[in-house]
């Protein structure tokens, strides 16, 4: 199995390094990751400037000023030959639950892989300690995929409780919950008296009931949520069409 491994925490982050070490025990792994933390970069792609790369002695590649999406784009189309069999993103330091997936560079890297037609996993740890647990879970899933491919055409967003492996209760297939909208802005002044702004933490849990990714992780289970690239709200198409006709906009041209 050939794995393109990326993340949004940066090439030296403990999550990606722990996962790379574990994956290399049974797979051919190419790390292509940002040279710094790009958390919250979502699906941003660098189009107005060139990208430089640096290759470390162990073969890991850092994309200087690159986003997670840049890294997977370059990895698939230029840096990994032959091309990968699967794209894996993570292990993220902290969860990507509910609305987090909209902003997450970790999920975006997996989404870019899926966009190119590859199976893709996004892996996050609900904390900053037990990366070995998340790595073991990921390896188990990938070994299973080797034996029996999962032909859903979907991204698997995997969130792992920050627990020792022997305390993980199992795996649940979940849906995304939701958070309350975040509204905290933290102002500061620089030495010249100019105001600086920091975006605050994410909103608290809103929909975290049974069946959600929040609930599974809170209860000690690994959460796996299938995600899709197509954002079309198919069930709303007829509603929008009927509304356009009823207000007369749909018949103006």
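Any Cβ shown, glycine's included, is placed from N, Cα and C.
Copied from Swiss-Prot, the annotated features are:
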type	residues	note
BINDING	8, 9, 39, 92	divalent metal cation binding site
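The divalent metal cation site is set by 8, 9, 39, 92; from the centre of their CB atoms, other residues of the chain with a CB within 8 Å are 7, 10, 13, 15, 37, 38, 68, 93, 94, 104, 105, 106. If you take the C-beta of residue 8 (divalent metal cation binding site) and look for same-chain residues 6 or more apart in sequence within under 8 angstroms, you find 34, 37, 38, 39, 40, 41, 67, 68, 89, 92, 104, 105, 106, 108, 109. One residue stands out among the binding-site residues 9, 39 for having the most other Cβ atoms within 10 Å of its Cβ: 9. Using a 10 Å radius centred on the Cβ of residue 92 (divalent metal cation binding site) and all shown protein chains, the other Cβ atoms total 29.
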